[in-house]
Amino acid sequence: MTVPADSAPSGTAEPDTVAVVERPTAAVRRRAVVAIAMGNLLEWYDFAVYATLASILGPLFFPSTSASASLLASLSVFAVGYVARPIGALVFGRLSDHRGRRSGLVVIIVLMGVSTVGMGLLPTYAAIGVAAPVLLVLLRVAQGMAIGGEFATATTYLVEVAPPRRRGLYGSITYVTAALGFALGLAVVVVLNAVVTPQGVADGWWRLAFLLSVPLLLIGRYLRRRATESPAFQAMKAEAAAAAPGQAAPSRSIRPMLQVFGIGIAVAVGSYTVLGFVLSYLLVVVQQPPGVAYGTALVATTIGSLLVLAAGHLSDRVGRRPMMLASAVLLAVLAFPAYLLLSTGGFGPALAGQLLLWVPVAIGLGVIPSLFAEMFPARNRTTAMAFPHALVTAIFSGTAPLVSTLLVSATGSVIAPAWYLLAAALLSGAVSLGIRETAWSDLRTH
């Protein structure tokens, strides 16, 4: 069976010709979901491990008499990886648009996995001096490049194999598995703290958390190598009239690329606040016991992953635009109540505060994969989506924990980071007002 892939992408013109795309079988779709899931699990597992161990890794790689200074240095390295994301987005975006989505996915997961394992084997400052933080930065840069290409390549692949009226649901799997990977990383750290104590983790057991990513790397690489290439990519390659894949995005893609950047601000700040900063905030600023900080984050992230899936599914029914507007409004409204709860102390308030943040964040994460993919044609879909997304991530996501920490230090107010969330929500909400609905349009193949 075939379906015509005509257009109605946000803010773009009609294609000159239309290719025919064969609908993937259910088996192909299942393999696609599993292959993408393993890569996202690996990416966000590492993210969770580094974020949750930031307060421990700081003194090991950046020794200082001030705990806050060591934490800031560790979070700065966390941010450095994001600087490399736009570069990785261009490199792997071009690879995926030129050689195929599957080729890009395989290279990305190998680079990501090797970098993560390298962090687990890295000597500390006490062993090799200044070389330790330098090598840590280089590994974070390598990871950043891989992750810069992962989102767009994985999203493009999922959306291109999805049934036409279920692209929101399939696209949301990108971040559902990401949230589950984060929860897995949290769970590993929680177990380590319980079994060997926090001091034991600091003494060297932290390495195990990174090295446990090896099975994810091996399984993910195997599954991605066996995955079938996206039918939309195959159709685009077969079209004699299609423009050369991997070329620079045409001028008609500039407006949606700017929209991707603008819409992504709130999601970037919100998601990396709740996934990256809140743990350090609870441990260092509020001085909660590790069990409370890790336990509430694990529960909140697990619930959040279900909300992401629900948001993607709902966007197939009500549309992408109203969902993104709801995400921005809720983030603006809930930011201050969330931080008031987080700063109160105790398991209940800490969990409630995180869940308040997860509601708008989950809506955004559930919708942007399908929304962004629907805004571009197949010939440059990965590159055109990857670069602005990686750029907004580098500017706002990687720095969100750092900026939030600095806001607390500069103002002395434990709820100061809420202002950052409010500003991001207002910016993205304004951009979301100007986008066109894409949920019920057919994907263009060139």
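Cβ atoms here come from the backbone N, Cα and C positions, even for glycine.
Marked as domain 'Major facilitator superfamily (MFS) profile' by TrEMBL: 32-441. Residues annotated as transmembrane segment in TrEMBL: 44-62, 68-92, 104-128, 134-157, 169-192, 204-223, 260-286, 292-311, 323-343, 355-373, 385-408, 414-435.
Taking every recorded stretch in 44-62, 204-223, 292-311, 355-373, 414-435 and counting its Cβ pairs under 8 Å to the transmembrane segment (134-157), the highest total belongs to 355-373. Outside the transmembrane segment (204-223), and at least 6 residues removed from its termini, the chain residues within Cβ reach (under 8 Å) are 31, 34-35, 38-39, 41-42, 45-46, 49, 53, 56-57, 60, 106, 109-110, 112-114, 116-117, 119-121, 185, 188-189, 192, 196.
Among 104-128, 169-192, 260-286, 323-343, 385-408, 323-343 has the largest number of CB pairs under 8 A with the transmembrane segment (414-435). Nonlocal intrachain contacts for the transmembrane segment (104-128), taken as residues 6+ away from its ends with a CB within less than 8 angstroms of a stretch CB, comprise 35-36, 38-39, 42-43, 45-46, 50, 60-63, 92-93, 95-96, 135-136, 139-140, 142-143, 145-147, 149-150, 153-154, 157, 207-211, 213-214, 216-217, 220-221, 224-225, 227, 382. In summary, the transmembrane segment (323-343) does not lie against the transmembrane segment (385-408): fewer than three C-beta pairs, each 6 or more positions apart in sequence, are under 8 Å. Between the transmembrane segment (355-373) and the transmembrane segment (44-62) there are fewer than 3 Cβ pairs closer than 8 Å, counting only pairs 6 or more residues apart in sequence, which means the two stretches are not in contact. The largest share of C-beta pairs under 8 angstroms with the transmembrane segment (260-286) comes from 385-408, of the ranges 44-62, 169-192, 292-311, 385-408. Note on the domain 'Major facilitator superfamily (MFS) profile' (32-441): mean pLDDT across this stretch is 88. Residues 52, 169, 172-173, 175-176, 179-180, 182-183, 186-187, 189-190, 193, 274-275, 278-279, 282-283, 323, 346-347, 350-351, 354-355, 358-359, 361-367 of the same chain lie 6+ residues outside the transmembrane segment (292-311) yet bring a C-beta within less than 8 angstroms of a C-beta in it. Long-range neighbours of the transmembrane segment (169-192) within the same chain, counting only residues 6 or more positions beyond its ends whose Cβ lies under 8 Å from a Cβ of the stretch, are 29, 33, 36-37, 40-49, 51-53, 151, 154-155, 158-159, 161-163, 200-201, 205-206, 208-209, 212, 275, 291, 294-295, 297-298, 301-302, 304-306, 308-309, 311-313, 315-316, 365-367, 369-371, 373.
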